[in-house]
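Here is what Swiss-Prot records for this protein:
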type	residues	note
TRANSMEM	22-42	transmembrane segment
TRANSMEM	54-74	transmembrane segment
TRANSMEM	89-109	transmembrane segment
TRANSMEM	148-168	transmembrane segment
TRANSMEM	189-209	transmembrane segment
TRANSMEM	223-243	transmembrane segment
TRANSMEM	305-325	transmembrane segment
TRANSMEM	337-357	transmembrane segment
Amino acid sequence: MNTSRLFSLLFQGSLVKRIAAGLVLGIVVALISAPLQETIGFNLAEKVGVLGTIFVKALRAVAPILIFFLVMAALANRKIGTKSNMKEIIVLYLLGTFLAAFVAVIAGFAFPTEVVLAAKEDSSSAPQAVGQVLLTLILNVVDNPLNAIFKANFIGVLAWSIGLGLALRHASDATKNVLSDFAEGVSKIVHVIISFAPFGVFGLVAETLSDKGLVALGGYVQLLAVLIGTMLFTAFVVNPILVYWKIRRNPYPLVWTCVRESGVTAFFTRSSAANIPVNIELAKRLNLDEETYSVSIPLGANINMAGAAITITILTLAAVHTLGLEVSFVSALLLSIVAALCACGASGVAGGSLLLIPLACSLFGISDDVAAQMIGVGFIIGILQDSTETALNSSTDVLFTAAVCMEEERKNAA
């Protein structure tokens, strides 16, 4: 096999297939490491585990600067003044994202899930009262921006990026272009890091299973079931309720159409941005207002992130349960609000929702090391989790757009 063929095999093609291959190879290495240890003189799984360590370290390094530039550029470049019914669509987007996070909080408490993590004892204690959580949140918000980036204070990074983004909305086009270029540059770096995800998953799975045994897979299966179950509940219960609120008739024909023609495609592309043409074509077939959907669907690909909010919430609560921390429901409700707000920063970035887990974990005093391990867990289950998340996000874009347009038609016909 020549060098170019090997490079193509390792770094090109479907990322889902390569991660699946890394997952399978990691399990195989974990199973054969113990029998081979006496023969080769070392534990093979522990040696390849360094690949997972490097991968998680790279993710932790790029996450603060990624959030800073992406959010700032998105807000600075957002056009001021839109069609009046855009407000209703944006309200649906934000309300749907929050309700998804709220449902995830309920699911996280109803089906507490633990996963196997290393160095559980390194985590700090969670605040006992919501007042302490809020105080910590405020102190993190007013942190020095450079210190926030340097120490990975994600709440401080998010606060400063939002503030600067809003302040720069009236800046010159040249300034906005520079911000967009920086955001694009950081996104490309993230893309390179994500391309190594199969190696990272390989190392993480091999080391975890070798150390903890196959019982570790049980936690992942339950975690995946809770995640996907919450997303399905949101898609087929929560979203139809919101649609009925708008159109005042049976919402399920519209819901099924959007899931079938938009969600299925998004499931395989795993990209809300790549699914925008599919959604626009579906909007045309539904005879929706072109001036509305031409703006709302691309906007939804950036701010309508119910799936990301669910992922952030469920994985954060999994870390809480794994560490045995006592967290009040009110504090968890605050988590749903934070998850809904920061989920917008996950758009257009491979694994973006996973990169925001440390931000949510910091609300409960969970150490950055444990949060980074939860990112690794997210990539292990990401073969199904990320696809389902994208399907929910993208299909909801056209669903809520159609609901508002149909409401306008109903009002005009009355």
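For all residues, glycine too, the Cβ spot is worked out from N, Cα and C.
Not measured: the values here are computed from a predicted model.
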Which of 22-42, 54-74, 148-168, 189-209, 305-325 contacts the transmembrane segment (89-109) most, counting Cβ pairs under 8 Å: 305-325
Close approaches to the transmembrane segment (305-325) from elsewhere in its chain (Cβ under 8 angstroms; 6 or more beyond its ends): 96-101, 103-105, 107-109, 112-115, 117, 120, 123, 125-126, 223, 226-227, 230-231, 234, 239, 332, 335-336, 339-340, 342-344, 346-347, 352-354, 356-357, 359-361, 363-366, 370-371, 374, 377-378, 385, 388-393, 396
Stretch of maximal Cβ-Cβ contact with the transmembrane segment (189-209) [cut-off: under 8 Å; candidates 22-42, 54-74, 223-243]: 22-42
